[in-house]
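These notes are about the structure you will find just below.
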Amino acid sequence: MVELEKEVLPLPPRYRFRDLLLGDWQSDDRVQVEFYVNENTFKERLKLFFIKNQRSSLRVRMFNFALKVLSCLLYIVRVLLDNPQEERQDWKLIIWVDRPLPLWALQVRHISTPLRRTFLTSLCGLCFQGNVWEQVLRVPFILEMISTVPFMITVILPSFRNLFIPVFLNCWLAKHALENMINDLHRAIQRTHSAMFNQVVILISTLVCLMFTCICGIQHLERAGNNLTLFDSLYFCVVTFSTVGFGDVTPQIWPSQLLVVIMIFVALIVLPIQFEQLAFLWMERQKSGGNYSRYRAQTEKHVVLCVSCLKIDLLMDFLNEFFAHPRLQDYYVVILCPAEMDVQVRRVLHVPLWAQRVIYLQGSALKDQDLMRAKMDDAEACFILSNRFEVDRIAADHQTILRAWAVKDFAPNCPLYVQILKPENKFHVKFADHVVCEEEFKYAMLALNCVCPGTSTLITLLIHSSRGHGLCCGASSSDQWHRTYRRCSANEVHHIRLEESKFFGEYQGKSFTFASFHAHKKYGVCLIGVRRLDTTNILLNPGPCHIMGASDTCFYINISKEENSAFVRGQREPSWGGTGGNTRGVQQSIYHGLTRLPVHSIIASMGTVAIDLQDSTSRSSSRTEMGGVNTLALPAMGDSAEERRHSIAPVLELVDGVNNPTFDLLGDQSEDEGDPATNFGLCSRWVKGYPLNSPYIGSSPTLCHLLQEKMPFCCLRMDKACHHIPFEDARSYGFKTKLIIVSAESAGNGLYNFIVPLRAYYRPRKELNPIVLLLESIPEADFLEAICWFPMVFYTVGSIDNLDSLLRCGVTFADTMVVVDKESSMIAEEDYMADAKTIVNVQTLFRLFPALSIITELTHPANMRFMQFKVKDHYSLALSKLEKKEREKGSNLVFMFRLPFAAGKVFSVSMLDTLLYQSFVKDYMISISRLLLGLDSMPGSGFLCAMKITEDDLWIRTYGRLYQKLCSSTGDIPIGIYRTEAHKLPVSESQVSITVEDYEDTREPREPLLSRTGAHRNSTSSEPISTSSHSSDHPLLRRKSMQWARRLSRKGGRGSSGAKGGPGSAAERITQQRLTLFRRSERQELNALVRTRMKHLGLSPTGFNGMTDQGNRLSYILINPSPDTRLELHDVVYLIRPDPLSLVPNQGSSRKCSAGLSESHRFNTQDSTHL
């Protein structure tokens, strides 16, 4: 403080306190400064008035244009009043004209104003920053002098009053004034009109000036010749310039003939230049797309699609999905893209179907001018898509974020639909109405594919608009599975308010499961979720404790929405008074697009018929011993024959309590078992809780199985031993369940969404599969910090194209392998070659490990036809022809009949694009998809799981009876079936083995179809289904192989018998070895290669079986099948299971439900859940 006081200088003596208060001390030091004194000059003021001020400059130019046009009109009046009587050729008529005195006075008064302005602008150098001579030699100045100075001479010398003055040249000055006026008009109203409009105006004005100059010049020169009238001259010029040339009117004297020649040369020079500029602007406009007019934006509805690079596949997916909805047929699509239009895109946009509805604008969403051209502020919605083919995907996300910010800043009220690639960038666009993160959905879908087979195909079919193609075209194929699969793939998710619904209106006040079952039995629709009026949260299968209200919004799966459905009834509607849901009569109903139920199926689905079951008690008890409580077990019989219970209990209207032990899904039956971690020295217990570390902002919290203590980073790497775990391969860990291997290029944050659904709390601990991440580089520390809390999650460093890396990570003990498309390979010189490396690597895996279930992600869906490719496969050729027919019919999913897609073995992230497009009509689709995939966990909302049908479950018989059984016992809602069939594919020449060893090794012994039983009935995972063939299936093949083997044996015997002595025994041995190698099949060579590499790496080949062949099986999905669909062995049923935490009835509901769980049980549940 002392130093600061020393630096402050004291005030001078004259700055007294009185002076500071009164301000007298400031009067001596104040200096007035004037700014912009250079603009006070006369020249600057003229510039300000004529040029800088847009409005005053526009008024001056408009006045000047009017004066020039008026001068041309006065010239026409003078010509009409002139009537020369000379019949002979007199050159004086060219120099002298008859000009009346009033007309002369008007013309002199008229030219005084532009003359003064011309001198002022020229001498002061307003229009050009140069010397005076440059101003004088300008063409407009010369023309102005020619048309005005002679009139000033006539004022001084009255004898020259009738002198001819070419006033018609003022048309060119009028053209020049028009051009300047248009430019000033654009500046004044702050609008940029199209350059095409300016060029068209210039071209038209040039043509008019040429014609007017020629007409007036020929008419005046012919006063000394034919004495043509103004109309005759007009007729001659039109005939001449149109190259018709009748010859009835021709100039007679040489001056007029010379003028015609000059005007023709001028036209040949000027007009091509104007047309060239017009054509150039037209081509540029075709590239840039022009503007979307304000009038169209106010009278018609349009959406804007913002992309950085428009590909033909993306465009067609958007157009087909967007215009699939009937109420969007009148919409227009404005595409705003900074790149020039592609040739294929241009060809598509010329198709009449899209030419009138799609407008392409070349521009950037970061420029307000381009957003104004697209009329973004009047758009109904704006779709902003990321370029997934960008080399740097993070940079692509940054561009998307800037576009979203720019659109939100320019048009705050325009709804935004944003697609983002990386999950860590999602929170930047949180303000958007709908956001789809590609990697979040991709990894969650791939994860559910491992435990619920075909989930990717299930979600893809649900988010695509079918437009009823599945019904009208279902009978075009000869295969039964084609027709069934196609008909069920037409199902979509729809919504309706309960009080307005015919499907669900009668179930007001009933439980959710009661409404879902009876709506499916009666109408064939599958009710999957509801939304209360006072909330925006959607609840999937809220359970039997949820009471349906009149204001609830119901979400259901059906082929068409209720508004487009017809109802056929044979009897009056039933009343659900006090019957408890039991109906006394058989009702007639129609299922939309499905077959009518047979009588036996209707009776079976009623749940009110007593069925005599043989030995049901013993069967149910045996099943209980195997898998604990079985939801599909046969009910117990009474003590007497008269006390027979129904085969399936009815679904109750209201649930008074949750006393059924099957609802207790939080209680894990394997809690008392030893943790798998104890097998290798880590004694960390498992708890249920929320992950402590999330790798990015915006991830939804999910209750998961976690470790009580996090695993050290060194223990996460499976292929390297540490001081905690001495193991270096998967076999040494001794896992009780098979592995799930994920092959990825790097450990991105999206992989976190692969782990979370597989470690969700509702999955039984004994069914959790170890997860091994096969990465090409060591993951970052923040990623390891996020996954170290999850049990049985490891990583190895290697590549999918390296057999040693695959063997170290335990591919021989794996159940499923997920191959994620590499980001670095998405860019290729040829677009569809981006998947080349992935396809070849997967084909190698398929040949080396045929029993392994491989799930592959591809960049382009069209490349899925190369998955598990077989040469000369006649069935694949038939599917290719079917795909072409689908493309001709305009189907949105032309690849739906490809076997890898139907089985859920292949997935392309571009299939998710339609989810964003469909959200414009169905704003709930993103929320429902996230709930199904486990990305969001809403309190009270159910989750997707799967259940496998075993031989002991076939007593259910039909899908409708299964629906009733699940609704009445556990509250589960089935939504579809994943069916696997043994298909007798035609055997081609390339698939025929030539040796007995090959044929016998590649076939499995066939077991009886009904001899297999499952260990676990109520499971969220499914094991691979193994089917085999007997050698007697192909007797001709067997006989040919035996004959070929005998011939080889005879040749080998004759060769060995001819040899003698020691050299003969050596030759015999060499021959035998050669014959053995020749007899080995390709399958045996591959097995030998794998076993050799395992021995070289120190891995035991015990348990490796590479002879399993899955080529004769096909799988497909049936979404919401009809109730009379027969269940088959090994069917996997998709279920939406209610949230176990919400099964305690809400005490605040309209109908009070008593608590089914005791207080002690609820207390134990809370203790076992680490929050």
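The backbone N, Cα and C atoms fix where each Cβ goes, and this holds for glycine too.
Lifted from TrEMBL, the feature list:
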- 151-174: transmembrane segment (TRANSMEM)
- 195-221: transmembrane segment (TRANSMEM)
- 233-251: transmembrane segment (TRANSMEM)
- 258-283: transmembrane segment (TRANSMEM)
- 300-436: domain 'RCK N-terminal' (DOMAIN)
- 737-877: domain 'RCK N-terminal' (DOMAIN)
- 996-1070: region 'Disordered' (REGION)
- 1019-1030: compositional bias 'Low complexity' (COMPBIAS)
- 1037-1053: compositional bias 'Basic residues' (COMPBIAS)
- 1054-1064: compositional bias 'Gly residues' (COMPBIAS)
- 1145-1171: region 'Disordered' (REGION)
- 1159-1171: compositional bias 'Basic and acidic residues' (COMPBIAS)
Close approaches to the transmembrane segment (151-174) from elsewhere in its chain (Cβ under 8 angstroms; 6 or more beyond its ends): 65, 68-69, 71-72, 74-75, 78, 94-99, 101, 104, 107-108, 111, 115, 140, 143-144, 208-209, 212-213, 216-217, 220
Contact set, same chain, for the transmembrane segment (233-251): CB under 8 Å, 6 or more residues outside the stretch: 211, 214-216, 218-219, 221-222, 225-226, 257, 259-260, 264, 267
Counts by DSSP class (helix H/G/I, strand E/B, coil) across the domain 'RCK N-terminal' (737-877): 60 helix, 29 strand, 52 coil
Residues in the domain 'RCK N-terminal' (300-436) grouped by DSSP into helix, strand and remaining coil: 59 helix, 28 strand, 50 coil
Averaged pLDDT score, the domain 'RCK N-terminal' (300-436): 90
